[in-house]
Amino acid sequence: MATDDDRFPWDQDSILSRDLLSASSMQLCYEKLNRSCVRSPYSPGPRLILYAVFGFGAVLAVCGNLLVMTSILHFRQLHSPANFLVASLACADFLVGLTVMPFSMVRSVEGCWYFGDIYCKFHSSFDGSFCYSSIFHLCFISADRYIAVSDPLIYPTRFTASVSGKCITFSWLLSIIYSFSLFYTGVNEAGLEDLVSALTCVGGCQIAVNQSWVFINFLLFLVPALVMMTVYSKIFLIAKQQAQNIEKMGKQTARASESYKDRVAKRERKAAKTLGIAVAAFLLSWLPYFIDSIIDAFLGFVTPTYVYEILVWIGYYNSAMNPLIYAFFYPWFRKAIKLIVTGKILRENSSATNLFPE
C-alpha cells in the first residue's frame, strides 16, 4: 500500500530502493530492457524452501477447497442452505489458490512479475475480490449460526435456500464490483501520480492505493469483523445458557419434543463452534495485514518489504485452513473425503450415501 504524496512527503530514491537494488549488485528482471525492474534473487537454498512453502499452500488451498465443494454439492445429505454458504466460501478460497497464490509465489521469490501488465491488474482485482467475498460469506455464516442456535426449531423456515442464495449473490457481486472498479478506474492512484511513475518498471506489479481507499478497504474488513465478533459472543452466551439448562434437567425424563429440541440445539452449537473457529482463523490471518496497510498509508512506507510479504502470505494461507478445520471437527467431511479419494463417489447412487453416524 502507498501513502498519499500530497499530504506526506516521500523520497523517490528510498521508494525505488524497495524494488531496485543498488547498481553494484544489479540483476534485472529482463536483462535486455532499459526500463526493467531490478531483482534481488534468493540463494538456491532459501529459494527452494520458499517455493516449497508457498507452493504447498497453493496446492492445499486448491485441493482442500475442491474437496469441500465436491462433498457439499455431490452428497444430497449435505444439501442445506447453510452448507451452500460454506461451499461458496470454499469456492472463494479455491480461486485464491488457483488465480492468486501461484503468481504471488513467483513474485515473492523472484522479486519480479513475469505475467504482464494486464494480468497484474487482474491479479490484484482477484486478490481483493476473493478476500472481501470471504469476509462477507463469513459474516452471513455468523448470522446463520446465530439463528440456528437461538431458535433451532424455527431456523429451517427462516434461513431458506432462497435466503442463502441472496447472501451468496451479495457476497460475490459486491466484492467483485468493488475490487475491479477500484483498480480499473484508477481512483486508487489519485494523488499518487508521481509515486506511480517512480515505481513503474518492466517486471513489476506495484499497485499504489491512496489514503482514502486504504481507509475504505480497512473499514470493509473491520465492520464485518466487528459484526462477526458481536454475533459469536451472543452465540456462545446462548450456548452456555442452553448447556446450563440441560445440566439442570439432569436425568429427568423430558417430553419427546423437548428431547428432540435438545438434540437439534446440540448439533447447531457444534456447527457454530466449528465455524466460529474458521471465523477466528480468518480474522487473525488478515488483521495484521490490514493494520499494516493503515500504517503504511498514513506513516509512509515504514514496513520493510519482507515483513509485508510475510503478512500477505499469512493471509493467503488462510485459504488453505478451512478444509483442515472441517476435517478435524467434522466426521462427515472425513468420510466424504475418503469416498472421493477412493473413487467410490463415481458409483451409482453414491450421492445418497449416509455421511452421519447413527
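Glycine too: its Cβ is placed from the backbone N, Cα and C atoms.
Note that this is a predicted model, so its numbers are computed, not measured.
Checking N210, N349 against Swiss-Prot for the annotation N-linked glycosylation site singles out N210. For C201, the disulfide partner recorded in Swiss-Prot among C29, C37 is C37. Topological domains recorded in Swiss-Prot put V202 on the other membrane side from S233. Here the transmembrane segment (84-104) does not lie next to the transmembrane segment (212-232) in space: the count of CB pairs under 8 Å, restricted to residues six or more apart, is fewer than 3.
The DSSP breakdown of the topological domain 'Extracellular' (296-309) into helical (H, G, I), extended (E, B) and coil residues amounts to 10 helix, 0 strand, 4 coil.
Taking N34 (N-linked glycosylation site) as the reference point, the recorded positions whose C-alpha atoms are within 10 Å of its C-alpha, out of C120, C201, C205, N210, are C201. C37 (disulfide bond) sits 15 Å from C120 (disulfide bond), taking the Cα positions as reference.
Counting Cβ pairs closer than 8 Å to the transmembrane segment (48-68), the top stretch among 126-147, 167-187, 275-295, 310-332 is 310-332. The local packing around C205 (disulfide bond), expressed as other Cβ atoms within 10 Å of its Cβ over all shown chains, amounts to 20.
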